[in-house]
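Heads up: the structure comes next, in structure tokens.
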Amino acid sequence: MVRSLKNPKKAKRKNKGSKKGEGSASSNQSAPAVEAKVWQPGVDKLEEGEELQCDPSAYNSLHAFHIGWPCLSFDILRDSLGLVRTEFPHTVYCVSGTQAEKSSWNSIEIFKMSNISGKRRELVPKKKNEDGSDMESDSSDSDEDDEENGGGPVLQVRKVFHEGGVNRIRAMRQNPHICASWSDTGHVQVWDFSTHLNALAESDSDTTHGNSTVLNQDPLVKFSGHKDEGYAIDWSPLVTGRFVSGDCKNCIHLWEPASDSTWNVDSKPFVGHTASVEDLQWSPTEPYVFASCSVDGHIAIWDTRLGKSPAVNIKAHNADVNVITWNSLASCMLASGSDDGTFSIRDLRLLKEGDSVVAHFEYHKHPITSIEWSPHEASTLAVSSSDNQLTIWDLSLERDEEEEAEFKAKTNEQVNAPTDLPPQLLFVHQGQKDLKELHWHTQIPGMVISTAADGFNILMPSNIETPLPANI
């Protein structure tokens, strides 16, 4: 159960170029000055004088930014800019909630990041000329820096006062301007941010990077029926407006929409766990079915038509189950991450046979803080951990020694990769401290956004080539 930021004041990122509370964006374009070597947290040690550096060739795009206080939770908002976008520069809309030093300083941040630059890179480097330049290169293949893309990413923020720290925030998939937030005061609130999103959409991308003004706005609904604060909340992908919220006292409440701006909350909770409910996920195919995970080490599957007890209760891990994710492209697959650093994938079709685990990984040595299946590849998922690593996995991969030897021969260089890495491990992203949550962008294949104590990262690994739908 690793959730709260221990000391937001110390974690607050310092930036001499921006005022307190204002947003800032930057790009990571620096290349290692010495021969690159893969560094593993918890395995390798930094010698005196050594520094870790990012290899920009590993990314199609990588940008870092912050919006003031650290954010424990955020969500990517669906937009009208295109269902499948592959050309740079990109624009994204998000909503997040702060964990400020003082409760009265908290806010919900609705922000727009535009002019996100990037480029496509070859997996196998091109051959070099005698002068060190790429063979068969032309101006279209040359690296474009941020200046050539219009000055780099532009961050615009709208802030709404929020009573207490934001434990978790989620946007309705069908109507992304409607968002639900869990407060550390014990309240669940639903908001309408359409005015702010419209203002961001209409604003000039050349305007100021941040806005320190915090606006007052009343929520559509403020529910006080939970007996404690919580972290679990999820909107139904199938029924507009339906969602569930779970608290630290093991209770889950069902919300049903009564209109576009009102909800009926079932006062009688779903109870089946013996400890805090940590995460909730609706089935991508069954409108009455959702899953929950708990500090009690179990995952429960619920059917709202069958009463207030779980239909299935699974002993999932030997420690707290922090997060779960239901595969929207392969609905039989449910993944879970634990406090002991392990994460597992279950085939729900095998539940009746007893052992439904089809894959189990022990790569991370610290608690799993977030896990999410890719919305574009059924076998791919991303994981973040308290070990300051964000990893991307492709479960369809198997080790092929001949292919590895061929790749090394083509590159004609020492890769310096550890030999004991799981073959399913596709990518490792480092550089953020105290990683809390990640999400894939559903409209930009290959893009992942993550939040940590020191701010946000937007990344697009260069070795993730997502095939586009046939009808695009």
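Glycine too: its Cβ is placed from the backbone N, Cα and C atoms.
A quick note: this is a predicted structure, and the numbers were derived from the prediction, not measured.
Annotation source TrEMBL lists compositional bias 'Basic residues' at 1-18. Per TrEMBL, region 'Disordered' is recorded for 1-37, 122-155. Per TrEMBL, domain 'Histone-binding protein RBBP4-like N-terminal' is recorded for 50-116. Here TrEMBL flags 122-131 as compositional bias 'Basic and acidic residues'. Per TrEMBL, compositional bias 'Acidic residues' is recorded for 132-149. According to TrEMBL, the repeat 'WD' annotation covers 270-312, 361-403.
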Tally of DSSP helical, extended and coil residues in the repeat 'WD' (361-403): 3 helix, 18 strand, 22 coil
Surrounding residues of the repeat 'WD' (361-403) on its own chain - C-beta under 8 Å, 6+ positions past either end: 1-3, 41-42, 320, 322-330, 333, 335-345, 421-440, 442, 445-446, 448, 450, 452, 457, 459, 461, 464, 466
Taken over the repeat 'WD' (270-312), the model's mean pLDDT: 98
Chain residues in Cβ proximity to the repeat 'WD' (270-312) (below 8 Å; excluding those fewer than six residues from its ends, i.e. six or more beyond): 1, 230-239, 242-254, 318-328, 331, 334, 336, 346, 348, 351
